[in-house]
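J.: Found this in TrEMBL, in case it helps:
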DOMAIN    B:26-595  domain 'Cytochrome oxidase subunit I profile'
TRANSMEM  B:43-65  transmembrane segment
TRANSMEM  B:93-118  transmembrane segment
TRANSMEM  B:139-158  transmembrane segment
TRANSMEM  B:190-215  transmembrane segment
TRANSMEM  B:227-255  transmembrane segment
TRANSMEM  B:297-313  transmembrane segment
TRANSMEM  B:325-347  transmembrane segment
TRANSMEM  B:353-374  transmembrane segment
TRANSMEM  B:386-411  transmembrane segment
TRANSMEM  B:423-447  transmembrane segment
TRANSMEM  B:467-490  transmembrane segment
TRANSMEM  B:510-532  transmembrane segment
REGION    B:589-620  region 'Disordered'
Amino acid sequence: MLNLIIVIAVVLIIAVIFTAYRVTTLVDVVKKKKSDSHVPPGNNFQGVLMILFLVGGIAAFFYFSMKEYDTYNLPIASEHAVITENLFWITMAITVFVFIVTQIFLFGFSYKYRHKENYQAHYYPHNNKLEMIWTIIPAIVLAWLIISGLKQWSVITGPAPDNAEVIEVMGYQYAWAFRYPGKDGELGSSDFRKIDAVNSMGIDLEDQRGHDDFMPTQLVLPKGKPVLLKIRGRDVIHSVYNPHFRMQMNAVPGMPTQFWFTPSVSTAEMREITDNPEFNYELVCNKICGKSHYGMKGLITVLEQDEYDSWYKETQENTFLKQNPGYLSEVPEELKEAAKIAAGIENIENEQKVTSAASSSK
Amino acid sequence: MSVTDIHLQEDLAHDDHHDEHHEQGFVSKYIFTTDHKMIAKQFLITGIFWAIIGGGLSIIFRLQLGFPEMSLEWLRPMLGQWITPEGKLDAEFYLALVTMHGTIMVFFVLTAGLSGTFSNFLIPLQIGARDMASGFMNMLSYWFFFASSVVMFISLFLETGPAGGGWTVYPPLSALPQAIKGSAAGMTMWLVSMALFIASSLLGGINYITTIINLRTHGMSFSRLPLTIWAFFVTAILGLLSFPVLLSAALLLIFDRSFGTSFYLSEIFIAGEALPNVGGSPILYQHLFWFLGHPEVYIVILPALGITSEIIATNARKPIFGYKAMIGSILGIGFLSFVVWAHHMFVTGMNPFLGSVFTILTLIIAVPSAIKAFNYITTLWKGNIVFTPAMLFSIGLVSFFISGGLTGIFLGNSVLDINLHDTYFVVAHFHLVMGSASFFGMLAGVYHWFPKMFGRMMDDKLGKVHFWLSFIGIYLVFFPLHYIGIAGFPRRYYSFTSFETFSIYGDLNALVSIAAILTFAAQFIFLFNFFYSIFRGKLAPANPWKSNTMEWTTPRFPGHGNWVGAIPKIFRWPYDYSKPGAKDDFIPQTVPYSHTPESNLEHEEELTKEEDLTGVEKVN
């Protein structure tokens with residue numbers, strides 16, 4: 001019933017507006033408004049509106065940009081971001097200047113040169129000097145921006161420093177998996193055919209280097225040390241993104257990618273900076289990946305170097321093999337003993353039992 | 001059809017026997033017509049239909065983004081199962097909505113609706129041709145587009161929903177139905193529809209190019225073409241060179257989806273099983289897609305810029321400033337648009353050296369764009385500006401083009417793109433520079449050429465109200481998105497509640513949504529004005545805007561063949577507005593220099609000797 005009333009009301013309102021419009025046009029026809037000029041009435045008023053829009057728009061722009069600066073400008077948490085942020089704000093200064101000046105000219109001229117009777121426009125078809133000026137000046141400014149940008153681009157995308165901490169990040173619908181190289185400092189190889197419900201990253205256990213790899217549930221990073229993320233996607237394209245680190249790289253199935261950076265603010269410090277004791281760095285998926293794309297979150301914790309070292313020492317005991325000893329069956333016979341030592345599996349007698357349990361659950 | 005074709009031939013052969021037109025039947029006049037003007041109207045009406053659908057879809061997802069807590073139960077009668085039992089929008093359908101919004105707006109509204117309408121309508125009328133080079137191909141072009149539209153429209157009603165992988169439909173997401181529902185039948189229909197669309201574009205484009213090269217009237221040299229025609233010409237070339245690449249990308253995707261090939265698929269484990277595909281590259285698809293995709297944004301904006309050039313010159317009563325520079329920048333943009341595509345791919349993991357190359361090329365393309373903006377502004381300087389609705393929309397276009405163009409300088413710089421890529425900053429950027437600017441170009445064109453299309457005038461006041469509501473509304477929608485983007489909000493997110501980092505700006509998103517709803521509502525003022533004026537508008541005078549171009553020399557309701565009697569000759573460029581010494585503040589292109597000794601410049605006085613005045617009546 002209510003719906004019906006709403007529909008009727010809408011129809012009536014439309015009918016009223018239509019009738020009113022029809023009446024005014026008919027009245028205009030009857031009155032035969034004198035307009036020998038092709039200029040429609042209210043031309044000056046449009047010019048005034050242009051100026052009002054210009055002033056109001058610029059005022060709102062500056063007011064909001066300044067008031068909200070700390071909200072939209074996330075604090076920086078990596079070393080390269082200091083430089084890129086600098087370039088960002090230089091570019092911002094240049095573009096805002098051009099933006100304001102051109103909009104002032106655009107709306108200002110519109111107002112100033114609005115139609116006046118008995119005024120003739122200035123026949124001014126071209127001026128080569130002017131056009132050279134506004135070809136060359138933008139070209140120089142852009143060239144300068146390009147050069148400053150590319151210098152940093154080549155550093156950021158260049159090879160990681162030798163002492164970088166290598167960590168593997170894998171995106172899958174709809175979560176992240178992380179793998180650390182363990183005691184030997186080297187990640188074992190992986191193969192998508194080895195993936196199953198437990199071995200989510202497809203660690204290839206025929207590779208000895210993988211026997212001591214461990215997979216914590218969050219990404220833990222040392223502050224002040226370069227980190228090299230080895231990135232891959234398991235099913236569709238994802239994107240490893242965090243706005244605090246100003247860091248992003250796609251995770252592409254079939255094509256490993258990487259990104260290195262140096263975290264410069266620990267989680268604890270950031271909690272103070274943001275005045276938010278609950279603060280955590282979040283790993284954001286930034287490439288459309290399916291239904292729960294918007295919920296694909298990973299946790300990142302940045303620790304001081306000594307905290308990181310002790311966390312690493314403690315966590316590396318939980319190797320993948322140790323936690324899932326059933327996978328020892330995938331280890332080649334001649335490497336088994338070494339694998340047990342690398343993975344930290346002590347209780348050898350239990351192996352048989354666990355293996356059968358694991359393989360039955362597989 | 002054949003009847004009209006024969007007539008056309010006759011028209012060309014002997015212009016004198018013009019009165020022998022047979023009455024056309026309804027079908028050959030309004031449906032399977034070969035008249036470029038009617039085909040233009042068909043494109044326009046279909047484009048308007050799609051704009052309402054595309055805009056409507058965006059309102060649904062803006063409701064979700066602006067008011068995540070709101071119950072959308074009331075949409076159930078329309079959306080059915082896509083409203084969850086809790087009264088929320090289904091997250092997968094949300095992705096289908098953004099995908100279809102993008103596809104519809106970019107291809108069906110701003111490519112077919114804009115180029116299809118105005119290239120078809122204006123090319124023959126402004127160069128002095130009776131029709132397109134091939135009326136039949138032109139008709140096919142529309143009907144391929146229509147078929148493409150039907151397929152895409154039907155896909156909206158599939159049980160698994162329309163395509164949902166974003167308008168760029170990157171594989172593997174778009175290739176694997178197990179990855180997202182939209183990659184089932186919806187994606188198949190998307191690909192079929194796009195294949196038809198590409199055929200339509202090519203048929204149209206070949207026709208535009210051929211017509212402009214071959215059918216210009218006497219005196220209409222390339223250096224006397226209105227800038228609209230230059231823009232349509234370069235646009236058609238861009239489409240002709242880039243759309244086939246999209247077709248190849250789509251074909252390979254069809255093979256991957258349906259025939260087990262591995263062009264784009266490699267090493268995938270999904271839904272509990274490892275797929276057999278190895279050796280493909282998802283990045284290959286992105287290269288192919290953006291090889292069309294980037295020229296495509298210029299295919300969308302160039303016609304709008306051409307239309308604006310014409311309207312600004314006419315209504316500022318001044319020659320367009322730097323006619324040759326404008327042509328040069330259209331050509332420059334056209335060329336460069338083919339060598340910047342990988343700036344969409346800075347963070348895909350492609351070789352960083354490529355990133356450097358594409359950064360340089362991308363920022364170079366900013367130069368011709370800047371020239372255009374400066375030239376528009378200089379055209380206004382010391383003008384005598386008449387604010388018709390078309391002029392208002394053109395000024396609005398320049399404002400959007402500047403605002404959105406400047407943010408491109410951030411995104412084109414690879415090192416800054418690392419943080420901004422795929423955030424709302426990108427959404428703000430392209431919606432202003434390409435979406436809203438082209439949309440305004442389209443509206444400006446409709447307001448300006450409505451009198452020629454339908455022989456009647458649109459209402460001026462309603463047009464102005466429509467402009468101000470749209471202009472302010474669009475800035476309120478897209479300007480705030482820059483802040484949201486700088487704060488790192490990713491695009492294509494159904495909701496931001498999972499992330500603490502994105503817990504801010506709920507209020508700003510609500511504002512954006514309200515502005516979007518109001519802007520959308522304001523378009524109904526236009527729709528009313530448009531359809532009402534077709535039937536009941538004031539009859540249009542011959543040359544309502546006192547314009548120089550030759551479409552205004554045709555009768556109020558031009559028949560098939562456009563001019564009664566001989567096609568007028570052209571003697572001058574299209575921008576002789578407010579020429580010193582001239583009687584009026586405009587001199588149409590059809591007026592010979594020998595008739596205007598009072599206003600001729602020195603080199604023009606030379607030209608009077610060579611003018612062939614046979615068949616030209618002295619009007620004054």
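Backbone N, Cα and C atoms are what each Cβ position is placed from, and that goes for glycine too.
Unlike curated entries, TrEMBL annotations are predicted automatically.
Note that the structure is a prediction, hence the values are computed from the model and not measured.
What's the neighbourhood like for each of these?
T.: If you look at the transmembrane segment (B:43-65), the same-chain residues 6 or more away from its ends with a CB under 8 A from one of its CBs are 72, 75, 79, 88-89, 94, 97-98, 100-101, 104-105, 108-109, 112-114, 116-117, 120, 142, 145-146, 149, 153, 156, 442, 446, 453, 494-495, 509, 512-513, 516-517, 520, 523, 527, 530.
Within its own chain, the transmembrane segment (B:93-118) has Cβ neighbours under 8 Å at 39-41, 43-44, 46-48, 50-51, 53-54, 57-58, 60-61, 64, 79, 82, 141-142, 145, 149, 152, 156, 161-169, 180-182, 186, 190, 194, 197, 200-201, 204, 228, 232, 235-236, 239, 296, 299-300, 303-304, 307, 434-435, 438-439, 441-442, 445, 449, 492, 494, counting only residues six or more beyond its boundaries.
Nonlocal intrachain contacts for the transmembrane segment (B:227-255), taken as residues 6+ away from its ends with a CB within less than 8 angstroms of a stretch CB, comprise 111, 115, 118-119, 122-123, 126-127, 169, 171, 174-175, 188, 191, 194-195, 198, 201-202, 204-206, 208-209, 212, 261, 263-264, 285, 288-289, 291-293, 295-296, 298-299, 302-303, 305-307, 309-310, 320, 323, 326-327, 330-331, 333-334, 337-338, 549, 574.
Remote same-chain residues near the transmembrane segment (B:297-313) are listed as 106, 110-111, 114-115, 118-119, 226-232, 234-235, 238-239, 242, 319-320, 326, 330, 333-334, 337, 372, 376, 379-380, 390-391, 393-395, 397-398, 401, 430, 433-434, 437-438, 440-442, 444-445, 448, 547, 549, 574-575, 577 (criterion: CB distance under 8 Å, separation of at least six residues from the stretch ends).
Residues 227, 230-231, 234, 237-238, 241-242, 283, 286-287, 290-291, 293-295, 297-298, 302, 305-306, 309, 354-355, 358-359, 361-362, 364-365, 367-369, 371-372, 375, 411-412, 414, 417-418, 421 of the same chain lie 6+ residues outside the transmembrane segment (B:325-347) yet bring a C-beta within less than 8 angstroms of a C-beta in it.
Same-chain residues lying 6 or more positions outside the transmembrane segment (B:386-411) and placing a CB less than 8 Å from one of its CB atoms are 301, 304-305, 307-308, 311-312, 315-317, 343, 362-363, 366, 369-370, 372-373, 376-377, 380, 417, 420-421, 425-426, 428-434, 436-437, 440-441, 443-445, 447-448, 458, 460, 463-464, 466-468, 470-471, 474-475, 478-479, 482, 545.
Long-range contacts of the transmembrane segment (B:467-490) within the same chain, counting only residues at least 6 positions beyond its ends with a Cβ under 8 Å from a Cβ of the stretch, are 389, 392-393, 396, 399-400, 403-404, 407, 419-420, 422-428, 431-432, 436, 440, 443, 496, 501-502, 504-505, 508-509, 511-512, 515-516, 518-519, 522-523, 525.
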J.: For the domain 'Cytochrome oxidase subunit I profile' (B:26-595), what is the mean per-residue pLDDT, to the nearest integer?
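T.: Across the domain 'Cytochrome oxidase subunit I profile' (B:26-595), the average pLDDT comes out at 94.
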J.: With DSSP as the yardstick, break the region 'Disordered' (B:589-620) down into helix, strand and coil residue counts.
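T.: Breakdown, helix to coil: 12 helix, 0 strand, 20 coil.
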